[in-house]
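Note sheet for the following structure.
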Amino acid sequence: MKTVKEKKECQRLRKSAKTRRVTQRKPSSGPVCWLCLREPGDPEKLGEFLQKDNISVHYFCLILSSKLPQRGQSNRGFHGFLPEDIKKEAARASRKICFVCKKKGAAINCQKDQCLRNFHLPCGQERGCLSQFFGEYKSFCDKHRPTQNIQHGHVGEESCILCCEDLSQQSVENIQSPCCSQAIYHRKCIQKYAHTSAKHFFKCPQCNNRKEFPQEMLRMGIHIPDRDAAWELEPGAFSDLYQRYQHCDAPICLYEQGRDSFEDEGRWCLILCATCGSHGTHRDCSSLRSNSKKWECEECSPAAATDYIPENSGDIPCCSSTFHPEEHFCRDNTLEENPGLSWTDWPEPSLLEKPESSRGRRSYSWRSKGVRITNSCKKSK
């Protein structure tokens, strides 16, 4: 039987061993997040690092904190989260211990009933916790997180559709497509794809499904930004559209300095196609008048000469929706766990209404040089 001294020594050894297992954090050289005590990090995992009024927070830590209300307008504080509320939430989190790293400052708690686990967002991501970016923005620990019924025979036998590398042996690191059951992805690959394509271009890489696929990805904790795609936000992304076409496409160019040279005025002025703007010609190369400013290329001239519009042109589909700019985050407490209730419906094509057919016989008339022709073939001068 152990003595009291031996029991205390065993407890001390167990405590020291437990301390060594805790993730050691390097001393920070810059600002850290008030709600997870970490540095800026990867925006795809933690969101944008926001700094204002001597307060610095990760965007994801801000919207996922369990007791942080959004009481302000979108242009106040941090997307509607007021500084005084953030300070109160940081004070509350300072009393909560993370079940992963065993340190204080855990602002997120598991939303499962009777679960008392709290965790920092980065710690939870390392352990396999899951946070949902819709509705009430709930978070779950690794024991109570939503799961998928992925067939284990696929893991290790197939590769990720996006990166073409082998799938992870851990099911929490893989996500299965709801519309293409044979397609399985790495979680990090889907998150990177969602961060790049954003809401307006996010769809199934296999079948282009834009309804079930985004809803399932939201349920499985993928953050889909409500903004323009990353390639549209790059500086000078549309600079090519502002470049004027500068080439003569006439069959025989008569200009001595070549097809890529032209003058601002006169016979060697470059005239662009009035329909497409992607073809050009010198005035003399196409025998245009000195004051002519309108010209059409061979590809557009037949279409421009067509004046007849068929009666069933109303069957041509067109897009009836318009583009909406980025919207600010707003936490909705009325939505359930189904992401379809908070996911904006993707625009569907609509059909133009067919014009009502006129009753009776139609009357057509043409006027040319004083001659009037009607459907009864009567002529009068």
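Cβ atoms are placed via backbone N, Cα and C, with glycine included.
As given in Swiss-Prot:
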- 30-68: zinc finger (ZN_FING)
- Cys33, Cys36, His58, Cys61: Zn(2+) 1 binding site (BINDING)
- 96-145: zinc finger (ZN_FING)
- Cys98, Cys101, His120, Cys123: Zn(2+) 2 binding site (BINDING)
- Cys110, Cys115, Cys141, His144: Zn(2+) 3 binding site (BINDING)
- 150-307: region 'Required for interaction with ubiquitinated UBE2D2' (REGION)
- Cys160, Cys163, His186, Cys189: Zn(2+) 4 binding site (BINDING)
- 160-208: zinc finger (ZN_FING)
- Cys179, Cys180, Cys204, Cys207: Zn(2+) 5 binding site (BINDING)
- 244-301: region 'Required for association with and ubiquitination of H3' (REGION)
- Cys248, Cys253, His282, Cys285: Zn(2+) 6 binding site (BINDING)
- Cys273, Cys276, Cys297, Cys300: Zn(2+) 7 binding site (BINDING)
- 341-363: region 'Disordered' (REGION)
May I ask for the residues of the chain that lie six or more residues beyond the zinc finger (30-68) and have a Cβ under 8 Å from a Cβ within it?
77-79, 81, 83, 85-87, 89-90, 92-93, 103, 105, 107-109, 111, 120-123, 125, 131, 133, 137, 139, 191-192, 195, 223, 329, 331
List the other residues in this chain whose Cβ sits within 8 Å of the Cβ centroid of the Zn(2+) 5 site residues Cys179, Cys180, Cys204, Cys207, in sequence order.
Ser177, Pro178, Ala183, Pro205, Gln206, Asn208, Asn209, Glu212, Phe213
Helix, strand or coil: which one is Cys123 (Zn(2+) 2 binding site) in, per DSSP?
helix
Please name the residue among the binding-site residues Cys179, Cys207 whose C-beta has the most neighbouring C-beta atoms within 10 angstroms.
Cys179
Do me a favour and check the Cα-Cα span between Cys253 (Zn(2+) 6 binding site) and Cys141 (Zn(2+) 3 binding site); whole Å is fine.
72
Helix, strand and coil counts within the region 'Required for association with and ubiquitination of H3' (244-301) (DSSP):
4 helix, 10 strand, 44 coil
Under DSSP, is His58 (Zn(2+) 1 binding site) helix, strand or coil?
strand
Which chain neighbours of the Zn(2+) 1 site, leaving out Cys33, Cys36, His58, Cys61, have a Cβ atom within 8 Å of the mean position of the site's Cβ atoms?
Trp34, Leu35, Leu37, Arg38, Leu46, Val57, Phe60, Leu62, Ala107, His120, Leu121, Pro122
